[in-house]
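Q: Below you'll find the structure I mean.
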C-alpha cells in the first residue's frame, strides 16, 4: 500500500526566455558578430602579403647558411680533397663515407699523394652541423646555399662524388691531368696556383719579358 503521508514535490515550471533574449535586440547581436568576423578578413585584405612566391622565386638565405655540400677544385681543375677521411670521422651522424686512393703521375686527380676516390654524403642522416667543414685540412669541403634536397626516392638522397664536385669553369681542365709545371702541393695549398699557371713563375716571366 502506497505511503500517502509523503509531501508532494514541487513542480518545476519551465522558465520562459526573457524578452531581452529574443526579438530585434538578439537579431542585432548576431548581425554584429558576423560583421566582426568579416572585419578581420577585410582588415587583412589591404595589408602587405606575407606569402612568398616559391618555388618561382626562392627566398633569400642567411650568409652562413648550411646547405648542400660541395667538393671544391683548384683553379686548374684538380680536386682539393685528399681522401684523409677527417670529415667522416668528425661527422656526429655518420653521414659521410670516404675512400682514398693514391695519385700517380699518369693519373692525377689532386696535387698531393692521395685523392678521394669514393665520396658519399647521406642526406637522410646529415644534420647540417658543419663539423665536417671545420675538420677539412685543405678547404675541400664547403656548404652551399642550396636547400632543395627533398626527394621521393631514398637512394637519390645519398649523393655520390659526381653530384658533390664543383662544376668545371671554362679555364679549368677536367682531371686526371698533371700538376701545373713547377708547382708543388704546398703551392696549391697556399693559393699560388692560378688558371694561368704558377703565380711566382708567371710574375717572374712577365718581369723578364718587360726587361
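Every residue, even glycine, has its Cβ placed from backbone N, Cα and C.
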Q: Of 1-27, 28-54, which range does Swiss-Prot call region 'Disordered'?
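A: Checking Swiss-Prot against the ranges 1-27, 28-54, the region 'Disordered' one is 1-27.
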Q: Out of the binding-site residues 91, 126, 129, 132, give me the one sitting nearest to residue 81 ([4Fe-4S] cluster 1 binding site) by CA distance.
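A: Closest candidate to residue 81 ([4Fe-4S] cluster 1 binding site), judged by Cα separation, is 132.
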Q: Using the recorded [4Fe-4S] cluster 1 site (81, 84, 87, 136) as reference, state which further residues of the same chain have their Cβ within 8 Å of the centre of those residues' Cβ atoms, listed in sequence order.
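A: Those within range, site residues removed, are 82, 83, 85, 86, 98, 116, 132, 135, 137, 138, 140, 141.
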Q: Using a Cβ cut-off under 8 Å, which residues of the same chain at least 6 positions beyond either end of the domain '4Fe-4S ferredoxin-type 1' (71-101) come close to it?
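A: Residues 108-127, 129, 131-142, 161, 164-166, 168, 171-175, 177, 179-180, 188, 193-195 contact the domain '4Fe-4S ferredoxin-type 1' (71-101) from elsewhere in the chain.
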Q: What is the set of residues, excluding 91, 126, 129, 132, whose C-beta falls within 8 angstroms of the centroid of the C-beta atoms at the [4Fe-4S] cluster 2 site?
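A: Going along the sequence, the neighbours appear as 87, 90, 92, 93, 95, 96, 127, 128, 130, 131.
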